[in-house]
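Now, the feature entries from TrEMBL:
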type     : residues : note
TRANSMEM : 6-24     : transmembrane segment
TRANSMEM : 36-53    : transmembrane segment
TRANSMEM : 112-131  : transmembrane segment
TRANSMEM : 159-176  : transmembrane segment
TRANSMEM : 188-215  : transmembrane segment
TRANSMEM : 235-260  : transmembrane segment
TRANSMEM : 281-306  : transmembrane segment
TRANSMEM : 326-351  : transmembrane segment
TRANSMEM : 384-403  : transmembrane segment
TRANSMEM : 409-433  : transmembrane segment
TRANSMEM : 445-462  : transmembrane segment
TRANSMEM : 499-520  : transmembrane segment
COILED   : 641-671  : coiled coil
DOMAIN   : 678-896  : domain 'Histidine kinase'
């Protein structure tokens with residue numbers, strides 16, 4: 001393909017991503033934008049160009065060793081429910097916006113520590129971002145068949161440079177729309193999720209193409225590659241030393257999934273709810289497994305088809321191009337480009353926040369901000385972050401054109417992993433051990449970073465500058481024990497695992513030794529308690545240990561300067577109401593100081609917020625005795641809070657039950673009104689008929705005797721109907737109140753049913769309805785009031801006759817006898833009962849909305865009476881929902 005076509009595709013693709021991100025920003029509150037699947041797919045930002053290209057390269061060179069990069073995260077995923085959940089909870093509580101803020105806050109909001117973590121992350125991630133640019137440049141060159149042009153003399157003719165600027169623009173536009181860095185960037189996260197889907201689909205496409213189109217399946221590839229040299233080394237660990245290297249590589253990737261700034265950004269800062277972790281702990285490992293299912297076959301297929309003459313990192317692109325399949329090659333390029341975009345965007349977003357909040361603002365702009373208007377401060381902070389974003393991208397590009405051309409994707413990625421791993425002891429140990437001090441954290445990170453520089457970064461830089469750096473082979477001044485790749489004689493580890501082992505050894509040693517030898521100040525101990533026992537201190541502003549003098553007005557004025565009057569007044573008003581503190585309070589307590597610091601942290605970062613709070617309070621040292629006293633008070637408060645929480649839960653449960661009961665009462669009240677309307681109508685109909693007929697008889701005294709007899713018969717019929725209706729109402733009321741006395745005696749159930757059938761038979765014959773009663777040989781005896789039970793059977797049978805078709809109607813009565821009970825089933829082939837009516841068919845006041853079920857005559861509450869009668873006999877009556885046609889009533893009664 002020509003360059004212009006590929007450039008057009010890149011620009012179009014970026015425009016689509018801009019559109020997706022903008023759309024997602026506007027739909028941020030929608031569930032299909034903001035859910036566990038989007039959260040999990042955003043975690044797949046871990047799969048960068050290294051995954052897309054570099055894994056195939058390492059599989060071609062070293063076989064299954066590429067798996068170590070993914071085994072670490074897969075092992076880590078189940079632990080998220082404990083570790084990551086705790087980190088998310090602490091971060092939300094304290095409005096943490098980066099991993100630098102998190103580590104510095106754990107050690108007393110130490111400004112130097114936050115800056116140190118930021119420097120380590122920038123040094124570690126800048127080469128990683130340059131790796132992505134390297135992938136874009138080289139794949140563009142392969143796809144367009146043009147030579148690489150990355151050099152200092154051709155920056156403005158290099159397509160990669162303009163791609164980098166476009167990515168920086170994307171991050172600057174969507175990543176700095178709000179000053180509060182702790183707020184979610186839904187547009188960026190949703191676009192990353194979309195890219196995660198695309199890169200997986202396109203990678204699977206090339207895997208299927210190579211495995212089943214270029215070759216005849218996996219067995220074909222395996223049989224052919226097994227005949228090549230060094231095949232055994234590609235599928236197994238050849239020695240104990242290789243196994244040790246595997247162990248360290250898995251540990252390295254385990255740390256990376258927690259500590260990489262981009263992973264912390266998507267997994268912690270962008271998390272909406274802890275519940276999303278439940279899906280992520282299995283869906284993310286599944287994503288990684290799918291991504292790697294074809295890696296080894298693409299690598300082997302590339303070796304078989306292309307040999308060792310090309311860079312194996314790009315087998316995914318070279319194989320379809322070899323077969324003139326430019327469409328698939330373009331899709332593969334877009335998949336890799338998606339991996340690049342998501343990694344670069346999220347990494348620069350995270351690093352720019354760290355730079356602004358932990359270096360630029362606290363060390364350079366805080367004094368200027370204190371003399372500015374709040375709106376200008378927002379403007380300054382946004383511009384600082386935008387400048388940081390562009391500086392990071394340009395810095396990564398400059399690193400790429402000076403160093404990266406000679407290194408593989410895999411090597412660059414692992415160097416970044418080792419650098420970032422230096423944060424692991426301070427992060428993990430500090431999360432679960434409260435003895436860790438700020439001094440220990442600072443010195444451990446510095447010592448580990450120095451060892452990494454000596455054993456990995458320095459040899460890499462010297463190798464790039466000089467053809468033969470003698471100190472690498474012989475050690476400084478010829479001292480062999482200090483050779484950077486075989487420090488102290490350890491020569492069986494790869495350069496990466498060697499650097500990781502020694503840096504972690506000294507890092508952990510220094511951290512533990514200094515932590516045990518020294519005790520941090522009261523502020524460090526306070527935050528250590530809050531982090532280690534995060535559940536106990538969750539949402540506990542009063543867990544902050546502090547002693548000194550501070551005034552509410554001073555804090556309010558300071559907040560006005562940085563947050564504005566409106567936002568400050570609203571936040572303080574909520575705070576005072578929450579703790580029932582009078583608005584006229586003059587002196588500030590520890591809760592207000594901690595609350596104010598959190599308000600500033602989201603916008604300015606932990607370091608700056610600590611400086612600003614310290615500027616308006618007169619803090620005094622707190623003795624160990626006072627710390628213990630305050631913590632004891634907090635312990636009592638927490639215990640009291642647990643009791644209140646339990647009572648609150650009970651009250652919430654009771655409230656829900658009351659709501660349900662109230663809803664039922666309202667429903668019953670509504671049904672009662674409908675019932676009374678129906679009864680009034682039923683009463684009105686015969687009364688109106690009687691009145692009208694009587695008036696006709698009165699006004700026509702000379703009416704013939706035969707006609708008078710007919711009118712009198714109608715009056716008598718309507719009078720009986722009216723009497724029956726009134727009796728049913730009284731009957732229902734008596735049954736419901738429990739005042740009815742039943743004359744229970746032992747009866748033959750078959751005979752009682754036969755009586756009911758005989759009583760209803762004339763009506764059935766008139767409508768030509770057949771009634772079938774199953775013949776039960778054994779006599780079924782039960783204790784019941786025969787008149788009342790006869791009323792139940794008659795009511796159900798008469799209902800069945802009314803709702804079956806004339807001449808086609810059939811009613812069947814069956815018995816199913818158990819040990820201590822008998823089930824009578826009365827089934828018809830009529831219109832049936834709608835499903836929505838089944839749960840309410842026996843309710844007192846319920847009238848079906850389906851007009852097909854309305855009775856021609858009667859009150860409509862015969863089934864309610866039947867239910868009361870059966871239940872008073874310790875029985876049960878219900879309707880089957882599974883019947884396809886008609887209705888089936890079940891009556892269960894105790895028997896002997």
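Placement of Cβ uses the backbone N, Cα and C atoms for every residue, glycine included.
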Chain residues in Cβ proximity to the transmembrane segment (281-306) (below 8 Å; excluding those fewer than six residues from its ends, i.e. six or more beyond): 36-37, 40-41, 43-44, 46-47, 51, 55-57, 59-60, 63-64, 66-67, 70, 73-74, 77-78, 80-81, 196, 200, 203-204, 206-208, 210-211, 214-215, 218, 221-222, 224-225, 228, 234, 312, 315-316, 318-319, 322
Contacting positions for the transmembrane segment (235-260) when only residues 6+ beyond its ends and CB under 8 Å are counted: 46, 63-65, 68-73, 75-76, 83-84, 87, 99, 125, 347, 414, 417-418, 420-421, 423-424, 427-428, 492-494, 496-497, 500-501
Surrounding residues of the transmembrane segment (326-351) on its own chain - C-beta under 8 Å, 6+ positions past either end: 1, 6, 9-10, 13-14, 17, 44-45, 47-49, 51-53, 98-99, 118, 121-122, 125, 128-129, 132-133, 135-136, 139-140, 143, 164, 167-168, 170-171, 175, 185, 188, 191-192, 195-196, 198-199, 201-203, 205-206, 209, 260-262, 264-266, 269, 316-317, 320, 388-389, 392-393, 396
Contact between the transmembrane segment (384-403) and the transmembrane segment (159-176) (at least 3 Cβ pairs under 8 Å, separation 6+): yes
Long-range neighbours of the transmembrane segment (409-433), counting only residues six or more past its ends (CB under 8 A): 48-50, 53-55, 57-58, 66, 69, 83, 86-87, 99, 102-103, 106-107, 117, 120-121, 123-125, 127-128, 130-131, 134-135, 252-253, 255-256, 258-261, 313, 440-441, 444-445, 448-449, 452, 456-457, 460, 496, 499-500, 503-504, 507-508, 511-512, 515, 528, 531-532
Contact set, same chain, for the transmembrane segment (445-462): CB under 8 Å, 6 or more residues outside the stretch: 113, 116-117, 120, 123, 403, 407, 415, 418-419, 421-423, 425-426, 469, 471-472, 484-485, 487, 495-496, 498-499, 502-504, 506-507, 510
Chain residues outside the transmembrane segment (159-176) and at least six past its termini with a C-beta under 8 angstroms from it: 3, 7, 10-11, 14, 17-18, 21-22, 25, 133, 136-137, 140, 150, 185, 187-188, 341, 344-345, 348-349, 352, 382, 385-386, 389-390, 392-394, 396-397, 400
PLDDT averaged over every residue in the coiled coil (641-671): 73
